[in-house]
């Protein structure tokens, strides 16, 4: 995997230089918790004029995603294996124009809430890499987590431009169904979805 040109093991070296890595001035979108890479690979094919970076901390999932990205020749995708807490070490202010968070760990126990990728302590980090007017797009099957997340975004000064507790596929034709989403939909579990704008 170390020879995979799509994967970066010392990403902090490229802070503020990611457009140079891609070799163009296209916007950069970030997926936090990219798992096996299915969502980001599909997005890269649909949006060839967008550059995508996937962050995944789990080693096996990251290795699978790295192979998938290389095999499918997703030229506009790069992968990083880091903890999301370190995003400020990897990206400059304004370097990211959209963040995707798909079916992240909801950390249901109250003592673990600060580990949530949508907790205000993470939102503060995201604000330090997002461009003004950028968006965070979230999907989850966990309603209590989603309800808390709405409050996190409001407390963090984000504007909710789209918010639903039951995301109907016919209302979102642009939606890419992830592996987890397909699993939950097959069990008739509603999918919660929101788009939060960083002012």
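Note: Cβ is positioned from N, Cα and C throughout, glycine not excepted.
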For the substrate site that TrEMBL gives with 109, 178, 179, 180, 181, which of 141, 142 also belongs there?
141
Comparing the binding-site residues 83, 105, 178, which residue's C-beta has the most other C-beta atoms within 10 angstroms in this structure?
178
Any idea of the Cα spread of the S-adenosyl-L-methionine site, 31, 56, 83, 105, as a max distance in Å?
14
Neighbours of 31, 56, 83, 105 excl. site residues, C-beta within 8 Å of centre, S-adenosyl-L-methionine:
32, 33, 34, 35, 55, 57, 58, 84, 104, 117
Does DSSP put residue 180 (substrate binding site) in a helix, in a strand, or in coil?
helix
What does DSSP assign residue 109 (substrate binding site), in three states?
coil
